[in-house]
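Engineer: Input: one structure, supplied below.
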Amino acid sequence: MSEPIRVLVTGAAGQIAYSLLYSIGNGSVFGKDQPIILVLLDITPMMGVLDGVLMELQDCALPLLQDVIATDKEEVAFKDLDVAVLVGSMPRREGMERKDLLKANVKIFKSQGAALEKYAKKSVKVIVVGNPANTNCLTASKSAPSIPKENFSCLTRLDHNRAKSQIALKLGVTADDVKNVIIWGNHSSTQYPDVNHAKVKLQGKEVGVYEALKDDSWLKGEFITTVQQRGAAVIKARKLSSAMSAAKAISDHIRDIWFGTPEGEFVSMGVISDGNSYGVPDDLLYSFPVVIKNKTWKFVEGLPINDFSREKMDLTAKELTEEKETAFEFLSSA
């Protein structure tokens, strides 16, 4: 057996964490021979609920879970971490301006970034899920200057999986038969789901999605809006935000960081834009297609970008730039 790794999940009393923790504990994220010390952080008023989650994890009797620690203290939660999954954030309440939401979250992620800087290993991998995920991730990274920027990523895998599944449903294949969809930009309704480079397996052959579907107007219209607005559609139907699908996407995202991406396949994640070849401004946390090897991601280079894509990519970059500027005003005064 390997040495145990320390994995933190914040917002651990919430419903995404409730769907995620079992996957982490049972070996389907870090592998079946990787023991885990699982650290659960939430705010003080949630500690009663968190105790219940702790009891359930104990009752799962998972062989890989060496220890489970529930806490409301950052100095306990962030100590010696190998992986931090930052799920907890201030949710958007009715009538709340996006600016107010940003302000509340800058405070949280500045504090958690500082705790990573002070207590975690410098090799820690940080995955931000709490919304607005891209800007929260950038805030945390800026607050932890001695941890490499490349170690921070945010979740756009849920959007990626949504795009995959919409194509699969339309073609009557399984989601596994669709690969190399891309989510560009922000995890918001300006994100751009791009299937210009995606492939689908039909009758044993790989075919481009545009060629397979022969329905450009759907691909440039309804497909994009369906993926962009899927989160809102789930909330409308279920009266709660996506949890099972979000937890599955987090598991996919972390597993790919840990074990690498399959040959010939790329995935989407929000990463620092420095040095990209797609004309996205530096110093943004932007979702790109990446390949991963030895726990290190690289941009997929050289994909041709048409005018339709360019416009959509620029639009979401503009939104991220505005978010960043607002967040940084708060950051300097926080």
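Each residue, glycine too, has its Cβ placed from N, Cα and C.
Predicted, not measured: the structure shown is a model, and the values here were computed from it.
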Engineer: Please pick, from ASP42, ASP80, ASP159, the residue that Swiss-Prot records in the NAD(+) site together with GLY11, ALA12, ALA13, GLY14, GLN15, ILE16, ALA17, ASN105, GLN112, VAL129, GLY130, ASN131.
Structural biologist: ASP42
Engineer: Among SER23, SER89, SER241, SER251, can you tell me which residue Swiss-Prot lists with the annotation phosphoserine?
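Structural biologist: Annotation hit in Swiss-Prot: SER241.
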Engineer: Test of record reading: of SER153, SER217, SER273, which one does Swiss-Prot tag as phosphoserine?
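Structural biologist: Candidates were SER153, SER217, SER273; Swiss-Prot attaches phosphoserine to SER217.
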Engineer: Take the C-alpha atoms of LYS118 (N6-acetyllysine) and LYS110 (N6-succinyllysine) and report the distance between them in angstrom, rounded.
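Structural biologist: Given the Cα positions, LYS118 (N6-acetyllysine) is 12 Å from LYS110 (N6-succinyllysine).
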Engineer: About how far apart, in whole Å, are the alpha carbons (Cα) of ARG92 (substrate binding site) and ASN131 (NAD(+) binding site)?
Structural biologist: 9
Engineer: Let me check the 10 A CB neighbour count of ASN105 (NAD(+) binding site). How many other CB atoms are there?
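Structural biologist: Counting Cβ neighbours of ASN105 (NAD(+) binding site) within 10 Å gives 24.
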Engineer: Per DSSP, ARG98 (substrate binding site) is which: helix, strand or coil?
Structural biologist: helix
Engineer: Which residues does GLN15 (NAD(+) binding site) neighbour through Cβ under 8 Å, counting only same-chain ones at least six apart?
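Structural biologist: In sequence order, the residues whose Cβ lies under 8 Å from that of GLN15 (NAD(+) binding site) (at least 6 apart) are LEU240, SER241, ALA243.
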Engineer: Work through the recorded positions one by one (ARG92, LYS121, HIS187, LYS214) and point out the residue whose CB has the fewest other CB atoms within 10 angstroms.
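Structural biologist: Output over recorded positions ARG92, LYS121, HIS187, LYS214: least Cβ neighbours within 10 Å is LYS214.
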Engineer: Of the binding-site residues listed here (ALA17, VAL129, ASN131), which is spatially closest to LYS121 (N6-acetyllysine) when Cα positions are compared?
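Structural biologist: The answer is VAL129.
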